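A.B. asks: This is the structure I want to talk about, given as structure tokens.
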Amino acid sequence: LGNHSSSLTKPFCRMLGFLKQPVVVTAEINMNLVALTVMGLVNRFWALSYPRAVVFDEVYYGQFVSLYMKRIFFVDDSGPPFGHMLLAFGGRYSMNVPIWSLRLLPALSGALCVPLAYQILVELHFSHCAAFGAALLILFENSLITQSRLMLLESVLIFFILLAILSYLKFYNLQKCSPFTAGWWFWLLLTGVACSCAVGVKYMGLFTYMLLLATAGVHFWHLIGDQTLSNVSVFCHLLARGLTLVVVPVAMYLSFFYVHLTLLYRSGPHDQIMTSAFQASLEGGLARITQGQPLEVAYGSQITLRNVLGKPVPCWLHSHKNTYPIRYENGRGSSHQQQVTCYPFKDVNNWWIVKDPGMQQLVVSNPPRPVRHGHIVQLVHGITTRYLNTHDVAAPLSPHSQEISCYIDYNISMPAQNLWRVEIVNRESDTDVWKTILSEVRFVHVNTSAVLKLSGASLPEWGYRQLEIIGEKLSKGYHQSMLWNVEEHRYGKSQEQKEREVELHSPTQADISKNLSFMARFTELQWKILTLKNEDTEHKYSSSPLDWITMDTNIAYWFHPISGAQIHLIGNILTWASANVATLVYVCLFLWYLLRRRRKICDIPEDAWRLWVSAGGLCVGGWAVNYFPFFMMEKTLFLYHYLPALTFQILLIPVVLQHLTDHLCRSQLPKNMFSALIVAWFSSIYLVYRTFSPLTYGEPILSAAELRALRWKDSWDILIRKH
């Protein structure tokens, strides 16, 4: 038994032999990164709940978070939905969430920008001292602190921009030594993910994405010239970059909208700007009305017609018993026929009956006879039973177009002209059936070839300020103001007028929503975001790009009416000035070196030149692509739009300082003197940060005299309470 037991325990002992040696795990910890991360968190999170009030644009983002909680659809023309979803994540548990949880993500993003700046300079092969300096400049930049401590999206955008830059640099450095390894793939994939997240937060992220694509294109061009790589290897490099830097970002961008549209499935206040088909895909609202409607429009159908353009407001083809004035204010005469307008509200006078010109009945036959592309119809106003008509009479506000009316027989030499040809613009074939909600049609007058169109002009008092409808001569284009779609639809059953009026007043009852794909909804929503414009009103704190570079403007975010405490978006003016000087010095030195190299004179070693070009291309290029496009934008602009460009400029400062130290200070004495100046300069930046911190954090409360002392520029709007 003993021998048998011994034979069993020996293998077991051998299996546990590794326990004779202790398990040792080693890890390298960059204490610079740890220290910078901790400082960033303290700097951004200190008293995050203060003030316990809605600050500046927090009111808008708070509304969007509330709509996410209620699953109500909305449209924000400021950008894609990813940023809004991230903010809503902070309020997902309760409708009464603490303010710090809503400000948590922007603050965390702002804090992480500090170590990201450090790592970017390290990956650019600058010294740890220069990298640490870049991080400190981000840490003590008052404008970045203010923007990251509120429920706003700029700090989140800058975080993803810096993450994309860092990821690409790490990938590029691995490219030289170990391509196609796990780390190589990770950083390349993270570059694409971060770029898509940046664009998904705000469209300003597209500028940096384009910069990285251009950089990747240049690097790949150099890769093609590497004779040590086979054609297959070069193709694999191209495929990897195309997949991770193009396909993945596009797929992620689509996924943001997919999640957005999945979450927001209920009808809301922004429905009206969307098409009828989109509205019908939402729960409640139009979907509740259109549920069970017939899909195919037939002769005898009772319909409402919505103009596809939806501008200046969504409206429906409408008529009422009032007639056009015999003479307009300018002396021109009218037909004195019944008015036809476009009315921006649901109303029983929006109902029309599709009639077959060859038959008298106004009900749907059994089986129904569908109306197809190219068919001739008459449109009968449901309540007044008068026919939609046009003739050679000028429209009231658009004299070069024809008046649209409902025909009244005055026994004069003006016969009715009420035949209209139905043209389905989005048809798949010439035999397509006119469909509820889905078909976009235009009505072409048979006699004059005029097209039924919304002019967009508001009629005078006699027209109740409703929108003008005109007949415009047939043109080759399909402008949306000429297009109409059936929104509400029922098969008419009552031939008698009194019974039909009761039928028209009752609510309507094929599920249309199932016919609208995600891509159709995405395309429409994306187009609305890009083209929707709010009223161009001049904001008190709006500014031009020329004001940003020298910080001639600021924004008063919050003011306490009793204590006088206030929060401003105002930068560290010494950092901003230093960034401008660094940009100017870089450009001048770059042009000087370039000119000298053309003359075969190399002032700096080749490695230093390549480093100078790559670092400057990234920092100056990042500043340029995030700044100059604003000169071409026709929108209200604010100082915070400059913050991504400023971040790139700040990264350039230590790049220039190290270059000056290494290559222009050639002896030890100038280097020591220059280092002393840098220390004094950094101390001054910290002093400016501390001086303006009461306007950054909102406390401590300053007296009127102290506030006046902070008005370093006459153009700054520092609020001083009057006693």
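Placed from the backbone N, Cα and C atoms, the Cβ positions cover glycine too.
All annotation found in TrEMBL is predicted automatically rather than curated by experts.
Copying in the features that TrEMBL gives for the protein in this structure:
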type: TRANSMEM; residues: 100-118; note: transmembrane segment
type: TRANSMEM; residues: 152-172; note: transmembrane segment
type: TRANSMEM; residues: 184-201; note: transmembrane segment
type: TRANSMEM; residues: 206-224; note: transmembrane segment
type: TRANSMEM; residues: 244-265; note: transmembrane segment
type: DOMAIN; residues: 294-357; note: domain 'MIR'
type: DOMAIN; residues: 368-425; note: domain 'MIR'
type: DOMAIN; residues: 429-489; note: domain 'MIR'
type: TRANSMEM; residues: 577-595; note: transmembrane segment
type: TRANSMEM; residues: 607-625; note: transmembrane segment
type: TRANSMEM; residues: 637-657; note: transmembrane segment
type: TRANSMEM; residues: 669-689; note: transmembrane segment
A.B. asks: Hey, does the transmembrane segment (206-224) touch the transmembrane segment (607-625), meaning at least 3 C-beta pairs closer than 8 angstroms, sequence gap 6 or more?
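C.D. replies: When sequence-distant Cβ pairs are counted, the transmembrane segment (206-224) touches the transmembrane segment (607-625), since at least 3 lie under 8 Å.
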A.B. asks: Express the predicted model's confidence over the domain 'MIR' (429-489) as a mean pLDDT, rounded to an integer.
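C.D. replies: Taking every residue of the domain 'MIR' (429-489) together, the mean pLDDT is 89.
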A.B. asks: Who are the chain neighbours of the transmembrane segment (637-657) in space, where the CB to CB distance is under 8 Å and they lie at least 6 residues beyond its ends?
C.D. replies: 113, 117, 120-121, 124, 126, 130-131, 133-134, 137-138, 141, 143-144, 147, 152, 154, 157-158, 161-162, 204, 207-208, 539, 541-545, 547-549, 551, 553-555, 569, 571, 575-576, 578-580, 582-583, 585-586, 615-616, 618-624, 626-627, 630, 678
A.B. asks: Any chance you could find the range in 206-224, 577-595, 669-689 with the most Cβ pairs under 8 Å to the transmembrane segment (152-172)?
C.D. replies: 206-224
A.B. asks: Quick one: DSSP breakdown of the domain 'MIR' (429-489) into helix, strand and coil?
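C.D. replies: Summed over the domain 'MIR' (429-489), the classes give 6 helix, 29 strand, 26 coil.
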